[in-house]
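Annotation source TrEMBL lists domain 'Major facilitator superfamily (MFS) profile' at 58-486. Taken from TrEMBL, the feature transmembrane segment covers 96-116, 123-142, 184-203, 215-235, 269-290, 318-339, 351-372, 378-406, 457-481.
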Amino acid sequence: MCVDSDGCEIEGCSSSDEVHTLSGTMSPGIKSSPDLHPCKPGHKFRAALLGCRTPAAAAGILSFGNVLNYMDRYTVAGVLLDIKQHFEVNDSNAGLLQTVFICSFMVAAPIFGYLGDRFNRKIILSCGIFFWATVTLSSSFITKEYYWAFVLSRGLVGIGESSYSSIAPTIIGDLFTNNTRTMMLSIFYFAIPLGSGLGYILGSSAKQAAGDWHWALRVSPLLGMTAGTLILLFVPEPKRGNVDQPGGRLKTRTSWTCDMKALAKNRSYVFSSLASAAVSFATGAFGMWIPLYLFRAQVVQKTEKPCNKELCSIKDSLIFGVITCVTGFLGVIIGAAATRLCRLKTQRADPLVCAISMLGSSIFICLIFVAAKNSIVGAYICIFIGETLLFLNWAITADILMYVVIPTRRATAVALQSFTSHILGDAGSPYLIGLISDAIRQRNSDSILWEFLSLGYALMLCPFVIVLGGMFFLATALFFLDDRDKAEKQLTPLMEDQSLIHTEEQRS
């Protein structure tokens, strides 16, 4: 029996080069043969295909898939006014769409994390993409009498997208190390704001072009199926932890129960997960309600008319979508550059950069609600700066996890962090903001001014949560070095020296 430094029994500790498959069977590693055979039909195509499976190409395809995940998620927010008009629902019921999506997403995340640490990851990713693409396309045909079915469809989409978010970062983590990994994860997580912004743009543009908001839900599924096919063909399945210990190989993995106990004791992981929940709370609420809030602000300023028809104005969704794309790009670039620069000064650079950006973001987000009363342009400027600072930490948070968690636990860690950030963050924030808005407006339900003010007062909860997230990142900085060193020490007993493996194979 083998035991790691957390006191976890290592399952099946042996030197055999066997791997799990999705069917649960064991496949021996492929050994080279001294015999040479002439090329058969299709071998050249297979060789060319394998030649395209480079780490850079894999990272690019996985990032493309992540863009589509978030684009599909926020397409609904881009046509939220039209959905409210079509199904005749209030703010709280409209916010339920995002809440149901996130609830199913977070419940499925630990399951996919368990599978991702044990089975073929790219097969799981592709199946997840094909599933959510099919459900999204089907939901575009739901009639107005069945709002409950539309809400249910968003829950099913959340299950499909959960598989991708839980597993894809771990493949990148097993393909790259150090600053290269930081850069690739930055590109991958740039897909979050880029995809979110494109979701608003796609939803608004497709509605405008077709004259029907249902077409907003019929574009991303086709792109999603394309991404799923590319993953199957061109993304390799790297050995877990191979780049962390180039001279060795992971013996095996610990049990799921011990993994969970070890993660619960990892203070950097716990605090960074709580900080991620604060970010998710704010981005979930803002992504759902800011375009509608700015539209109501313009109605109050009498630069727009209230929406009483089937097709509402798309201007604010388009502008907010473009801002989200640009700020996401700037946030990722600035975050990666700031972290690399600060690492020259302190080894705690990663959590400190996150903390400072969060605290700075809260100031500008507060100013949005001050500026929106008189100047929409001023509000957009505050959104631009606030979002840029908020998006600085997406990739850095993932990199913190890669440093403080050993490779055999990373998919589980990503999934658990996703679960935590969603259950404490955007699982409830869109619905909560809508509920508070409805409660404040209840006594003045017919007032256009109070329709605007009530939503603004509800959204004021977000900057306070962001400040709390900044405090959690400061707490992460206190324990980061200790937890990173502990992870490096834990990794060594879990690896076998490659020369010893060759010796054992020759003896056998």
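Cβ atoms here come from the backbone N, Cα and C positions, even for glycine.
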Under 8 Å, at least 3 Cβ pairs, sequence separation 6 or more: does that hold for the transmembrane segment (269-290) versus the transmembrane segment (457-481)?
yes
Looking only at residues six or more beyond either end of the transmembrane segment (123-142), which have a C-beta under 8 A from one in the stretch?
22, 62, 65, 68-69, 72, 112, 115-116, 149-150, 153-154, 156-157, 159-164, 167-168, 214-218, 220-222, 224-225, 227-229, 231-232, 235
Ranking 184-203, 215-235, 318-339, 351-372 by the number of C-beta pairs under 8 Å to the transmembrane segment (457-481), which range is first?
351-372
Same-chain Cβ contacts of the transmembrane segment (215-235) under 8 Å, 6 or more residues past its ends?
49, 52-53, 57-58, 61-62, 64-65, 68, 71-72, 75-76, 78-79, 122-123, 125-127, 129-130, 132-134, 136-137, 139-140, 171, 199, 202-204, 206-207, 209
Under 8 Å between C-beta atoms and at least six residues away from its ends: which parts of the chain pack against the transmembrane segment (96-116)?
73, 76-77, 83, 124, 128, 150-152, 154-159, 161-163, 165-167, 170, 256, 284, 287-288, 411-416, 418-419, 422-423, 425-428, 430-431, 434
Residues from the same chain, set at least six apart from the ends of the transmembrane segment (351-372), whose C-beta lies under 8 A from its own:
268, 272, 275, 278-279, 282, 286, 293-294, 297, 335, 338-339, 342, 378-379, 381-383, 385-387, 389-390, 392-393, 396-397, 400, 456, 459-460, 462-464, 466-467, 469-471, 473-474, 476-477, 480
